[in-house]
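The Na(+) binding site feature in TrEMBL is assigned to Val68, Asn72, Asn356, Leu421, Asp424, Ser425. Under the heading transmembrane segment, TrEMBL lists 86-105, 141-159, 239-258, 270-301, 321-338, 350-376, 407-434, 454-476, 482-504. If you look up TrEMBL, you'll see Cys173-Cys182 marked as disulfide bond.
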Amino acid sequence: MSENLCEYTTESENRMIEGQSGKASSPFCTITYVAPPKEDDDDDDDELDRGGWESRWDFLFSCISLSVGLGNVWRFPYLCYKNGGGAFLVTYGIAMVLCGIPLFFQEVAVGQYLGSGGLTFVGQLCPLLKGVGYATMTLVFLLDVYYCIIISWTLYYIMSTFVYMPNLPWRSCDNSWNTERCSNIDNLKNYNGTIMFNNLKNVSITMANASEMMSTAVEEFFERNVLSITNGISEFGGIQWKLLICLGLGWLLIYWVIRNGLHQSGKIIWFTALFPYVVLFVLLFRALTLEGAIDGLWYFVVPRWEELLTPQPWMEGATQIFFAYSIGCGALPVLGSYNKFHHNCYRDAVITCIVNTFTSIIAGCVTFAILGYLAFEKDTTVAEVVTSGPGLVFLTYPEVVLKLPWAAFWTLMFFFMLLLLGTDSAFCLVEAFITGVLDNWPKRLRPHKEKIRLFICLIMFTLGIPMISKGGMYIFQLMDYYSASGISLLWVCFFQTIAISWIFGTNKLCDCIEQMMGFRPNKFWTICWQFCAPVVMLA
């Protein structure tokens, strides 16, 4: 193999040649890659064509759809609360500049240059670590399976709102799923006296301990109606048919969008990427007009600088960047692989990262303004009403909308926004896995790509069924913690960065980028790729 040529047997060679516009230019680097075994060449070329984006805007909005998801609404605000408010914003910003944006750009650029992603792109640059591609696909497969469970919960909330309109099913404790412990939180506000509880007379109770003895209508709707949760993982319970229908509808929606390839669904991605911002800004305007909103915002942005002296904010700030930017899940190289060879993916990468961070901050403002209002209503502090993870979405927000005019309308607006945030990320994540499979066995599988897409969606749907059983919440939490947790993702990203930045080399990577876009990344990018990002991940 010639040392001054990029000689590899993938489609990106043809894409590079076609993009020269009649001007011959020599490749700058050597990519050693063992091509898949040769198969019969009787297949039609159209069947083997991967396709591409119809416009550069399709790629940009797809990147935004992928990176802006459910984590922006519930995970970012909670981590900000947990790790020092504005102090967490400092660690998040540093990780974004030194690690997030450089790795986002690196993954997109590699995918665009090679014209492939998923299983193959790391192996083409570094055959020694081709297993990183398989690890990436394993992570994204497991992520796809349990990510759609949240979508099924969201669909159930939307359907329940329509059924009970103009009321909401979690407004009262008079439903079949409620227990004797259920109480409207307003009835407990400023309560200090004696009550009869579970046949015990003259029990002294105050607002401070009432919440420990009682449960709200919102909590019981989520735990006893939506989840029908059992006492432990050993009690599997039965399949919840209502959630099974919602899960099936979620996967049907995903398959309908990606059935011909995500690159053929550009305008749908435009809508799913843009409409949540309409809802988010409407909610922001409404939240800022609530009593107590300023206290919530103050709690959100005021730094507790002493937190910077502990390692937790730095670790969680870096981890949140990987989650938020979808780094290491194989989706970014796939999206980049559908670009034209000379597309300026650098510009789109920077824009996407800025939009993602802006979205997190806006979502944080909405969340803490509403939590400030909730604290005002409960006559308590913001710190006592903040919960983490799914609880912030499915417990806090439904409780807040009960106190707003046109509660059913605000409920539908919020959960429809969650649905779009969840599904547009799911579109890209599922497509990342499918494209990785198709790229690894192109001649054998691409002629049957629609059947392959349907088959993979059915497998993921089937594997998700145990998580919508009555004991499914425990399985969901195990999947969330172990299958695609921060530790697993960071290790995969670490070895991927080593393969690209050290073994393949940043000089060759910069040569590839210069060949595509006509400019060479400066020292800042090479330092981040070789030193800053690996150090952040190891830390």
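Heads up, the Cβ atoms here are built off N, Cα and C, so glycines get one too.
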Among 86-105, 239-258, 270-301, 321-338, 454-476, stretch most in contact with the transmembrane segment (350-376) (C-beta, under 8 angstroms): 270-301
Env. residues of Na(+) site, Cβ within 8 Å of mean position of Val68, Asn72, Asn356, Leu421, Asp424, Ser425 Cβ: Ile64, Ser65, Leu66, Ser67, Gly69, Leu70, Gly71, Ala273, Pro276, Thr359
Proximal residue to Cys173 (disulfide bond) among binding-site residues Asn72, Asn356, Asp424, Ser425 (C-alpha distance): Asn72
Contact call for the transmembrane segment (86-105) and the transmembrane segment (321-338): at least 3 Cβ pairs under 8 Å, seq gap 6+: yes
Proximity of the transmembrane segment (454-476) to the transmembrane segment (482-504), 3+ C-beta pairs under 8 angstroms: no
Segment-segment contact (the transmembrane segment (239-258); the transmembrane segment (321-338)) at 3 or more Cβ pairs under 8 Å: no
Neighbour tally for Asn72 (Na(+) binding site), based on other Cβ positions within 10 Å of its Cβ: 26
Rounded Cα separation (Å) that holds between Leu421 (Na(+) binding site) and Cys182 (disulfide bond): 32
Whether the transmembrane segment (270-301) meets the transmembrane segment (407-434): three or more C-beta pairs under 8 angstroms: yes
Region pair the transmembrane segment (407-434) / the transmembrane segment (482-504), three or more CB pairs under 8 Å: no
Rounded inter-Cα distance in Å - Ser425 (Na(+) binding site), Cys182 (disulfide bond): 36
Cys182 (disulfide bond) - helix vs strand vs coil (DSSP): strand
